[in-house]
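Quick notes on the structure that follows.
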Amino acid sequence: MAKATGSTPSPSVTHDVPTAPGRVTSHDASPAFAAMPSLAGGTPPAATSPTGAAPALGTQRGPATTPRTPAHTTASPAVSLYPFGAEGGDTECIQRTVDFNSPLFKPEIGFPFGKALRDSLYFTDNGQIIFPPTDNVVPSNPNPPARGFSGREALPTVAVFWEDADFSRGVGTTWYQEYPTLGSTRDPLVRDVEAKIEKYLKTPYTARWTLKVTWEKAPAYPSQQDDTSTYQAVLSTDGNQSFALLLYQDGGMRWDYAGLAAGNVLIGFSSGDGYAQNNELTQKPPAVKYRPDQHRSSGTDVRGLWLYRLDSRGRVNYRLRCLAWLQAQPAPATWSTELPPCPCSRPQAELDPRYRRSRGAERGAEVLRTVSPSRAGAGVRCVYRGTSFLEGWQERAWNKELEAFEWCCRRVGKPRFCTRFAEKRPRTGCEGYVPPTPASAFGDPHITTLDGLTYTFNGLGDFVLLQVSDAQSSFVLQGRTARTGTAQATNFVAFAAQYVSSTTTTVEWTLGSQGDIQVLLNYQTIQFSYSQGEQEVHYSPGVLLVNAASVTATFDGTVSISISASAGLLSAVCSLPDRYRNSTKGLLGVWDNNPADDFQMPNGTIIPVNSSEEEIFSYGMTCKGDLDISLGKTGPLATPEKNFTPIFLSRLRQENESQYQRAASQCRGSKECVYDTLSTGDVTLGLATQSLVEDFQEKKTAGQPGQDGHRTDSGLQGEPLQEDRDVTPTACPPPPLAPAENGTLTWEPRGTAPLSVTLQAVGSQHLAALLQLSFTLCSCRTSHECDYNDTATVNGSSLQVTAWGTCRCDDGYSGPFCQHPPDPCAQGCFPGVGCDLLTGCDPCPPGLTGDGRHCEGPGCGTACGSQSCPEGFCSNGGRCHLHPSSCTPTCVCPPAFTDHRCLVAGGDFRPPANLPRRSVCLRVRALQNATAGEVNATVSAILGSLEVKAFQSNTNITRISGSVIRFLNEELVGAIVSAFNGRRGQRDVGTHLLIEHLHLDNVTDVVKRECPRHCGVPTAHPLPPGVPWGLWGGGEGSVVIPIQGIRLWGTWGCCPKTHGHPELWATQPNPCHLSPVTVAELRHYFSCALYGYEGYQLDYVGTSGFLCISPCKKGYCQHGGRCQHLPEGPTCSCTPFSIFSPAGARCEQLAVSLAAFLGILLGALALLCLLLAAACLALRLRRRHRDPWG
């Protein structure tokens, strides 16, 4: 049993993180405790803060008051409230009702409270700040728990000055102001809050969100002109730590506590998950606890100030990290203009040298990034699943933004954060993607131009393969050839490339003596700095070098040169961006999609593409030149030869036709292979050349786009599928998908287990595009209550669900899914007053008046004097009370009634269940001098071992040492309390056994149990007549308790022995069969005739069980008729509209009203008369025209 203890006092400003659930502390105010231990298991470094500035900020509002002098008043200075009111920028929040709440506050970074990160909070007129589990559960309970917080409250609450207040008579108001401080701007109030926390709690702190709430001249219930209280709360968090500062105006706390009905004011907090603290004044006499302005907390040097740390567990706040990152990012337009789209397939991306594999792939996906940043330092991240493109993102900081993506789109779990991430980092597709156009030089050089023309050139020396420039950059590629052994042929042994933009970058590749490739960057030998898989990577500003099967240099993420070594010779593949089209020169041709002009000499002369080998050789020799970039820096040619002429393929064929045919057979017709084989006499070299050429052509074909370079997802956009496109849905795990012939995909959700559904569209070019579908499920009671703007992704899958508790409930419903009908007990009742689920709070205790929720005594100064409610004013169980200010009678009606006298029904209500009663046989023995805590622990252990569980909200029975038992219903509570309170020893005198009973839930999950009979009694049936409820037997505390079981599990049964026998029923294994109970079977146990109103219909709603719903809610009255549910049933009042007058019991008959009929008739006659008059006038004018003299 949880109890507040004050045996070990410590300062209230010190809040150690609780080590066990259910810990509650209550501290005595004592100036002896000035030393403060650490807040979380360590001693944080003391922060420098002004010693005098912390309490100085703020001014007192309102007239000066003379402070009263209750007990324990000290001579310490008083804290000043922070400035409040309209002049301070505050917003006023006031409703002239007995109870009201503020709007919801939703700090984007969340608010750590206890172990959880809370989404929203609000304050009430009664001095509370509440953190609701959902946005539609916003009660305002005016009555604090008499014994303070236990740490297990249903609503996490900060009690600033929790007591029943009443602003209904025009006295007092409340103010609030938010201070979001994610940026560097700091309001003076926020700086002072930080200083106070650092000074008094010894915790370095920088606020990210702060809320100030002021209750100005709050009157006690019932409202009085005088004796008001003014106090303030400041809640502040940095996203990881959170604090509450409670400030009370010096002399402003003036409630007349002697005239209050309860006098249970509460100051402190409870997180609801085991972390709570009651203010040290809570257990003091009213003269002390109602005057917190006259006392100081230990560890502070001012009166009227209490500080609490509200979080109890360290955490990483990914919302805060994401928001801080978002705030620091500029608009994408400032850096994303030059970024390319993604390749449309993974093979395209892998063949495109501008992209390379990168870390950060999701499970089953591959990530490729641009290899070099743009001039703005940005890049693109492309994600593929299988061979198909899934999604792409633009990145401002090239290769450095996975962490921010993880924070915003993975860790937070709220899609709106990922949406904001996408605003800063826009998604990109593959629309407009054009793969780079490659050119190559293989073997005894066989060259393929940028336009695809292939020829052989065996010149000896240094040659310009490519020279190109535009307004922003220029590029030159040179190659050096040498004799291939003793053959009359040559091959490449070195390449050099120079790229000039804002800087000049030169890369050289040379064939080493061991057949390897030696690389120089800006004339310096490089060492690859790190490995990535099977690749070695070296990055320098302006160029990325990757050493894998080939050594590739990519300049500014646009121009790519890939050099490979095979069979003692070098080969090159060059890729250019589209901006260089129509401006190239050199052996790789003129790039203009026209191979006919590729043999263009420097003087502009063009030879035909069908020229002889000798003419082509002469053309190639014109590409030798003395350029600024010289391969001579890698060393001179070994033995320069002048007038070198290679042997041509035509001559080789003439010399030996049979050898030519043999080589052609071995090379499968490849001319490049035939030439290299015949010219060198080496078949291996010829086949190596053939392999290189085939590989180049295969990759070139695979890299080409489908259709005209654009990905067409018409099959993914709800349009009819193209004939050449196949769309296939895939899912993991496979849900019941039903693709129709017309392209419609149907899925029937049967739960919220995560699933991923992806559509794959495959075109005629065998390019595939993926679209990961997104399903949003809403579990609200009705569809119009769903808020699809606030959803949560389930484990990164295709499934999204509307955020828990975001349903916009109607008609007083509440709960995460609006499944709970209006509950008159949700707002709490006056201490000691019971509550009926149908009629609400019971009457006030004797000697007090009110509605059971608000009670007042005869000395409270009520304006109603001796007045009382008229007899019979409220019908159908409604409770009457007088409004405290106007003294008019007011009814609190059961949920079914919608008018102010409880006469007209129409609201939904939960029917009482009349289910068969089960029984639990419990054998317990009272030990000598047993305490309530020992009894609780024992009974909890016994009940926890039973395989019988009642009520859906109690499917798990847990043992919590030192806490109350939450089990079963009032019968069990009463039986156990009676058994042990009467037998407890004197050691525990004055302490009562506390067992908290459950709310009687409606049936939502029921099973029926069929068991064999033992001792002639069916174990799942009610007790036989004559066996009494409650205590029976011989003094051992045996208990037989009736339980209205809603859920019955397990295989244990009890058979009663003879009546009055002192032993417990025998408990024995019993093989029972459990089977589901259908809704149709359960209908017999529920009745909607509770109030005698005919016509209510029993409906079963999956989220809330059985409900009685009026036909008025289901469109009983037609054609706009007004429906009222009276005792005899629903009644319709038909209202005319337009020209119709509805009639019938349900306004189902439509007739034209008499007034409308007469109006139409008169209108028709008037129109007819008008037409006749016009005809007569026309006839008269015509006659006058014929006879002008007549």
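Each Cβ is built from the backbone N, Cα and C atoms, and glycine gets one as well.
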*Can you sort out which of C880, C902 is the disulfide partner TrEMBL gives for C893?*
C902
*asked:* Which residue in the list C855, C860, C887, C891 does TrEMBL annotate as forming a disulfide bond with C874?
replied: C891
*For each of the disulfide-bonded residues (C874, C891, C893, C902), count the other CB atoms lying within 10 A of its CB, then report the residue with the highest count.*
C893
_Using a Cβ cut-off under 8 Å, which residues of the same chain at least 6 positions beyond either end of the domain 'EGF-like' (1109-1148) come close to it?_
896, 903-908, 1092-1097, 1099, 1156, 1160
*asked:* In whole Å, how far does the CA atom of C893 (disulfide bond) lie from that of C874 (disulfide bond)?
replied: 8
*For the domain 'EGF-like' (865-903), could you work out the same-chain residues 6 or more beyond its ends whose Cβ comes under 8 Å from its Cβ atoms?*
98, 166, 168-169, 221-223, 812, 821-824, 838-841, 843, 849-852, 854, 856, 909-910, 1090-1091, 1093, 1108, 1110, 1126
*Using DSSP, how many residues in the domain 'EGF-like' (865-903) fall into helix, strand and coil?*
0 helix, 9 strand, 30 coil
*Quick one: mean pLDDT on the domain 'EGF-like' (865-903)?*
82
*Express the distance between the Cα positions of C902 (disulfide bond) and C891 (disulfide bond) as a whole number of Å.*
7
